[in-house]
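As given in TrEMBL:
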- 130-322: domain 'Peptidase M28' (DOMAIN)
- 638-860: domain 'Endoplasmic reticulum metallopeptidase 1-like C-terminal' (DOMAIN)
- 12-33: transmembrane segment (TRANSMEM)
- 370-388: transmembrane segment (TRANSMEM)
- 409-433: transmembrane segment (TRANSMEM)
- 445-469: transmembrane segment (TRANSMEM)
- 481-500: transmembrane segment (TRANSMEM)
- 506-526: transmembrane segment (TRANSMEM)
- 538-563: transmembrane segment (TRANSMEM)
- 583-604: transmembrane segment (TRANSMEM)
- 616-634: transmembrane segment (TRANSMEM)
Amino acid sequence: MATWLSSRDVSGFKCLFCLALLYGIMSGITYWITHMKHITPLGTEAPPYRFSEGRAVEHVRKLTEEIGGRQEGQPGLKEAAYYLKKEMEKLAERAGPDIKIEIDEALVEGTFSMVFLGRSMTFAYRDHINIAMRISSASSQDTDASVLVNGHFDSPLGSPGAGDCASCVASMLELARLVVDSSWVPPQPIIFLFNGAEELFLLGSHGFMKSHRWKDSVGAFINVEASGTGGPDLVCQSGPGSWPSRIYAQSAVYPMAHSAAQDIFPIIPGDTDYRIFAEDYGRIPGLDIIFVFGGYFYHTSKDTIQRLLPGSLQARGENLFSLIKAFSNSSELQNMQRRHNLAANWAKDERAIFFDYLSCFMILYSRREALVLHTLPILIFISMPFFLRFQDIGAHSYCSTFFHLVKGMLLHAAGIFLAIIVPALLAVLRLLFTGYGMNWFSHPYLAFFMYVPSSLVGLLIPRVIWNSFRSSRKEDLVDEAYFWGSFGFYACITLAYVAAGLSGGFLTFFISASMIPAWITFHAFVKLFGRGSLKSATGYVIPIIPCLTYSVYFGGIFVQFLIEKMGMMGSLPQTYGYFVPDIIVAAIIGVVTGWCVGPVLPIVGHWLARSRVVQLLLHLSVLALALASQFFPYSEAAPKRVVLQHTFFTSGANAILGSSYDVSVVDPNSLAFLFKHSPDAAKELQISPISLKTASYSNPSYWIALYPVPFLFTGSLKFPAAGDNVLEHYRSFPHLYSYLPSTVSASGFRKIYLDLYIGSLEEVWVAVLNITGPLSNWSFAGNKLPAPEVVKGAPPSYVCRLSGRSYDNWTFWLEANSSDPLRVDVAVLDQYLVNSSKKLKGLFPSWVDVTAYSSFLSSYLF
């Protein structure tokens, strides 16, 4: 061994092994917490004064297995509303004399415009079911300030919706039962809103805020949502103001919250009812709480009760009960004037900085306090040359020392940069030699095995190069300069967060704050064991372990969430589109490795920055990449998402002009990959490798029924399909016609009066109008046009989505400012599938989740 390993190499390998063991233990703790192993769910036999996950799961079973589909247009949605109302009535019957329970069922309607996925659109809706229950003391008044708990009982297309969001309404029902059966009488009313149209772009909450008799009494709200089937019940949005997050920090039993989520949420392609209550229409202080794990099943047919993560509902319920107690007891809730003050000072909204520590407790401080705290590290960094050269301080000495600190900072920054670049480059190289990407998708641990060692290589390369450069130049970068330079790097990032007004600077602040006591302890150990002893490094690492553990916890949640969401990030243009998810995951793991390992590198880099250690890490990276390439990206527990649209082109109420199957995927592995591994479906569509290359692309306008989701699609293909068999099921098709003669004003504006007849379609999800031409006004959204949508290669257009009762016509008018014709393209999404579509859907393998529906397209000129 001595012939090829020096004593420093041996020390380096010992250090690497010890760190691997330490980070393995921290990763195990993270897994234990995030997979709810620290929570014991209570069964159906739990005492009535406790929240019971078992009782809540029974509600989920009723909604998903006995009732079935809860989509708009399906009978299950009304059955679910009936079930929820019956459960509320049972509570009202056994409520004691001190509690008053009021139940209100409403059919809401309205019209408004909004921007989603960067796309402007307008909604018109009618007869969506909302059920509200108000629990208050017997002496309460209708005007008393109340706490709103909101969750939706509708589910997305093709999904049982166990996580999203039967789990939400089940938690709310069990929470309401707990309020009634416990001895607690709410000092302020609690309103439970079970809204029936969230999946149709927040229509249920909009209807409540526009017309419900209790809307003006709401002084705070909690929105309960799910982006998966369990895991941390994360507070991802809080505000306006710091009051909601402060209440959460004081009262949550299992706190799981990161203000950094508010920085990330706006770039995620999704939205929740929080937007309606806190931003667009209510300006009400509140919390947005979501399940973050189980994203593989989100909006798929596999979102079943079996996928719920045990312990998640228990944690959610106990948190919610504690929260509604705290909110209803708060003096700020009772001061309803606060709500008006918040609305008037929206631009001055100062949300707090907060985060949980391993779900044990919360740390929260105001943004004003953050301005002071988060500025301290950079002030310490700037002043360190005075302390390091206190006995010989002067302008020249200060500048020379500060220059060394800056070199140390640049050296550390270079390591972080390479920790991101090296794994990203290896990801590209792997894909150049394999046929598909995302091998880690169904096995997230593969991503860590592939990219963490290569990230460590990137971190160490600058230090290795510097050591060689130093020996040749006889120049030394002292340990103080390297340590304080690394400290300055995190201080600068913390300051950047403050300057940008973001809420995630607590992580780097925590790192820099933890490095100082670790540095002091390190020097104490150096005096005992010497600078070259690994025991001295232990003296540095031990004090910083709480910070490292939190970094692993935060980073683990972030990477797991990211990997699960990669399955629905959208398809990308080929030939290079399938590189993107691997590059993103590799780069993010590099970032996470940088903040998890970077703080210890100024000290342990003395032992790790050895060429032999770097070679070992490279060998591990290559081995992991080779092994991971043998894994298939998908499984039943991590399905590939496919959209299958049976498109019917119609004319009038009874004529079929043509029919096609339009197929798209929502991740970067293309349709060629899909059909290569789906031979039965390919055979049914008469697809061969040659015919697939010559297949026709699906026109983007064919997908208008899903607007604006199709902007996540590229490379969609269409295949011929028989359309005659649809006549066996439908008597008539959707048809748009003018029911009154057009009128022309004195200024030359034409007003066209139209009726949209849905035909005999019975499972209508939504009807979409795409209007092009000289449109100057319409009867939607308060007679106000939104900004036009401009798509490359197409004229500006206005899109309106119509949802609700389908057996009545939609009556509206359009106004044109010239004699040029208005073109109206109509798309109606029906959930019924003809037999040929059902057969095709069933031919895809079990690792594919197919969202299938029928779309009826027709075009008109007026």
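Positions of Cβ are set from backbone N, Cα and C atoms, glycine also.
TrEMBL entries are annotated by machine, without manual review.
Sequence-distant contacts of the transmembrane segment (409-433) (same chain, six or more residues past either end, CB-CB distance under 8 Å): 450-451, 454-463, 466, 477, 482, 485-486, 488-489, 492, 578-579, 582-583, 585-587, 589-591, 593-594, 598, 601-602, 621, 625, 628-629.
In the predicted model, residues of the domain 'Endoplasmic reticulum metallopeptidase 1-like C-terminal' (638-860) average a pLDDT of 91.
Proximity of distant same-chain residues to the transmembrane segment (370-388), defined by a Cβ-Cβ separation under 8 Å and at least 6 residues beyond the stretch ends, is recorded for 353, 397-398, 401-402, 405, 480, 484, 487-488, 490-492, 494-495, 497-498, 505-506, 509, 512-513, 516. Highest Cβ pair count under 8 Å relative to the transmembrane segment (616-634), across stretches 12-33, 445-469, 506-526, 583-604: 445-469. Between the transmembrane segment (12-33) and the stretches 445-469, 481-500, 506-526, 538-563, 583-604, the greatest number of Cβ pairs separated by less than 8 Å involves 538-563. With a threshold of 8 Å between CB atoms, the same-chain residues lying at least 6 positions outside the transmembrane segment (583-604) that come near it are 15, 19, 23, 408, 412, 415-416, 419-424, 426-428, 440, 447-448, 450-452, 454-456, 458-460, 463, 479, 482-483, 485-487, 490, 507-508, 511, 514-515, 518, 522, 537, 540-541, 544, 547-548, 551-552, 555-556, 558-559, 562-563, 566. Highlighted: of the candidate stretches 445-469, 481-500, 538-563, 538-563 has the greatest count of Cβ pairs under 8 Å to the transmembrane segment (506-526).
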